[in-house]
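Colleague: Okay, these came from Swiss-Prot:
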BINDING   HIS570, HIS574, CYS672, HIS676  Zn(2+) binding site
Amino acid sequence: MNAPAKFSTSQIRSDFLAFFEGKGHTIVPSAPLVPGNDPTLLFTNSGMVQFKDVFLGAEKRSYVRAADVQRCLRAGGKHNDLDSVGYTARHHTFFEMLGNWSFGDYFKKDAIAWAWELLTQVWKLPADRLLVTVYHTDEEAFALWRDVIGIPESRIVRIGDNKGAPYASDNFWQMADTGPCGPCTEIFFDHGDHIAGGPPGSPDEDGDRFIEIWNLVFMQFDRQPDGTLVPLPAPCVDTGMGLERLAAILQHVHTNYEIDLFQTLIGKAGSLTGVADLENKSLRVIADHIRACSFLIVDGVLPSNEGRGYVLRRIIRRALRHGWMLGVRQPFFSKMVPTLVELMGEAYPELVVAKDTVARALSAEEERFAETLDAGMKIFDEVASRSQDIIPGADAFRLYDTYGFPVDLTADIARERGMRVDMEGFEFAMERQRETARAAGKFGGGVALPADLVASMSPTVFLGYEAYDADALKVVAILRQGRPVERAEAGDEVIVFTDRTPFYAESGGQVGDSGQLSGPGVSVEVADTQKFAGQFHGHVGRISEGALALGDVLAGEIDTQRRGKTILNHSATHLLHAALREVLGTHVQQKGSLVAPDRLRFDFSHFQPITADELAVIERKVNAEVRTNHGVEVHNMAMQEALDFGAMALFGEKYGENVRVLKMGGYSTELCGGTHVTRTGDIGLFKITSEGGVSSGVRRIEAVTGQGALDYVADEERRLLEAANLLGGNTTEVVDKVRALTERQKRLERELESLKAKLASGATADLGARAIDVAGVKVVAVRLEGFDAKALRDAMDRLKQQLGDSVIVLAGASGGKVALVAGVNGSPTGKVKAGELLGHIASQIGGKGGGRPDLAQGGGEDGPALATALDGVPLWVKQHLG
């Protein structure tokens with residue numbers, strides 16, 4: 001029998017897409033690893049994720065046949081293969097899924113025939129090495145395989161309900177407990193009887209001989225709440241085939257790590273780590289993880305301590321720890337990126353575009369973890385040496401909290417040593433920390449609308465895009481002290497709901513409007529407007545006169561000056577977001593914002609501080625767009641239409657079917673429900689006031705606009721002029737004069753240190769003569785005026801060299817405070833401990849201190865007690881020497 005031809009991973013991708021394009025399929029790009037249409041899903045973990053709404057009938061596409069190569073991730077959440085990666089033949093964090101789809105078009109006959117054609121005619125797989133499974137009641141699929149394809153019945157396996165319930169089977173697919181579902185047929189490759197394992201459905205099915213390569217799902221039923229299956233009017237096909245395991249078969253190897261793509265990555269990892277054994281499991285881990293980490297960063301995820309960012313951090317740190325195991329102590333992981341780009345850049349052009357961003361983000365994380373990895377491993381070794389088979393949860397939490405060790409990394413290390421982590425104890429420690437954080441962060445609780453009130457109201461109609469005031473606003477609900485009332489009186493603090501309103505309710509980072517509601521004999525001062533249950537505008541304020549009742553008709557007028565300042569800042573936020581992505585890279589994603597009348601605050605993903613030069617460029621770009629005076633266009637459209645229009649959606653946000661798109665020239669196009677200027681020139685001036693870190697991987701910029709920016713610049717000029725006057729020059733000389741002052745200060749500090757050293761040297765010579773002999777040990781306990789802790793330590797070092805076996809206590813007094821240093825040198829070290837001695841002295845002068853057996857330091861209050869404490873040192877030493 002002739003061996004099948006070999007195919008490269010790249011060729012397999014292109015063959016698959018070309019084959020189905022020839023069958024009338026639209027080739028669809030891979031969706032990002034971060035699902036845009038499913039907030040319940042951490043990552044895209046299968047090919048069907050981007051088509052989920054199509055199958056559910058919530059979305060229409062312009063095609064009925066599609067094919068794609070989808071990048072997928074399984075690490076975190078329900079689908080998590082992280083612990084197995086590197087140790088098994090076919091587990092990966094990142095993998096590619098080949099898929100073809102029919103949305104009410106072709107069905108079983110074509111799907112099966114085309115799968116067989118591609119496998120046996122294009123890729124030349126021997127038909128006698130292929131075996132298929134069908135759901136036990138799917139007679140149609142069974143007959144197609146037997147009668148049309150010609151597979152003997154002996155190689156068609158019926159799989160029943162093998163998961164303990166009706167339709168709970170490896171060969172019956174369902175999206176949820178109800179909804180689209182149907183049988184599937186799977187194609188397996190037989191590696192031969194030299195490998196252990198039996199066919200699917202047999203007791204030995206978990207062996208490695210028969211490997212599933214393609215799953216064809218036939219969605220033909222709608223499962224009802226009572227469990228019955230109703231035929232769908234337009235059945236669909238959803239197929240999935242793992243690229244890596246298919247490549248292993250087409251390249252005549254048994255494990256995925258032996259295919260061309262992985263062999264190149266493993267070779268690069270070996271070169272960077274100095275490991276020649278390419279079978280090393282740590283090299284496999286590194287090769288796998290570079291794909292997952294790189295594509296997560298491409299898709300906008302950066303390392304952080306929560307959500308998707310924390311999953312990325314866990315994967316990176318697992319790879320770094322495996323590098324550490326191989327003896328690597330220098331950055332190496334980010335150096336894998338160019339090789340990955342060479343291998344996968346043609347298939348994924350977005351990787352090529354983001355390669356520098358990926359490398360910088362990985363490098364920054366390497367540097368961050370390197371600071372704690374060695375120390376953390378020492379702590380782990382200490383814990384492991386005093387534990388039996390279990391790493392206590394409290395210690396695992398300390399490794400996580402102090403040294404940045406994700407708990408699954410600690411579990412990984414423990415497993416390698418035949419141990420396990422007390423996960424219950426770890427979760428207890430985590431929850432205790434969460435409770436502490438919650439307690440520290442508690443403030444006045446929010447108000448929730450009663451369910452019956454929500455059911456009785458219609459969503460508030462917002463008029464504020466076009467109008468700053470409005471009449472005929474009907475009061476539909478009043479809350480007083482958080483409870484619905486029919487009437488409220490003057491002086492009452494209330495939340496008023498009307499059927500319509502010009503007041504913007506706080507959302508999307510923009511603060512709510514303030515202003516006034518008024519009617520015959522009643523006035524409400526509105527301090528804020530909040531959104532309740534996502535659709536009702538609540539006017540938060542106080543009744544200043546009269547009484548308010550349900551059904552009253554009011555007029556509303558917002559504070560136009562406050563709104564006017566706010567819209568400048570909101571529109572500037574959009575320009576800032578675009579400028580950040582242009583200057584820093586497309587990895588920048590909004591992580592939070594505040595748009596207030598007096599300032600804007602914008603939080604975004606970025607892995608390092610922004611330089612002064614970068615900030616200057618960002619500010620210039622925003623102001624250039626302001627001066628261009630773009631018209632600001634507003635478009636209302638369907639979500640998919642908005643994305644096709646180029647609108648940027650925020651990761652993690654859930655949008656409705658129809659969205660509002662804000663476009664500023666060709667520079668910024670975003671989904672936004674806020675209020676904005678009509679032209680960018682209205683912003684006037686944009687000025688950044690600060691930049692800093694919020695958390696790991698998240699930066700913050702604060703800025704002002706319009707008159708606020710002019711006032712800020714005027715204040716800066718005033719301060720600069722004041723500084724120039726203090727320095728005795730003009731504003732152009734400030735930098736030079738400050739530089740000269742700084743250099744002079746440094747010179748004086750060096751001279752001062754030199755004088756202190758000479759003083760300490762002279763004092764040391766005198767102190768040696770004052771030493772008292774206690775049982776053959778020289779004891780010195782003295783007060784030194786004006787000595788700081790450093791000068792005391794220098795004097796201590798000289799005295800130890802001069803005296804040999806000795807116990808020394810030095811007290812530096814200055815400004816009513818005392819710095820203490822205690823040292824033990826030579827023979828008394830075992831009996832006299834510096835930390836205990838210093839603690840004994842400090843306790844007598846209202847202070848504290850401690851340290852090592854040979855050196856300790858502390859402090860306290862100056863006064864008569866210090867002399868008494870120092871005088872008692874020789875006796876204390878004598879008692880401890882025995």
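Every residue gets a Cβ built from N, Cα and C, even glycine.
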Colleague: Which number gives the other C-beta atoms within 10 angstroms of the C-beta of HIS570 (Zn(2+) binding site), all protein chains shown included?
Modeller: 26
Colleague: HIS574, HIS676: which of these binding-site residues has the sparsest Cβ neighbourhood within 10 Å?
Modeller: HIS676
Colleague: Around CYS672 (Zn(2+) binding site), how many other CB atoms lie within 10 A of its CB?
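Modeller: Total other Cβ atoms inside 10 Å, all chains included: 23.
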Colleague: Cβ within 8 Å of the Zn(2+) site's Cβ centroid: which residues qualify beyond HIS570, HIS574, CYS672, HIS676?
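Modeller: For the Zn(2+) site, the extra neighbours are ILE567, SER571, THR573, VAL595, VAL632, LEU662, GLU670, GLY674, THR675.
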Colleague: Check HIS574 (Zn(2+) binding site) against DSSP and tell me helix, strand or coil, would you?
Modeller: helix
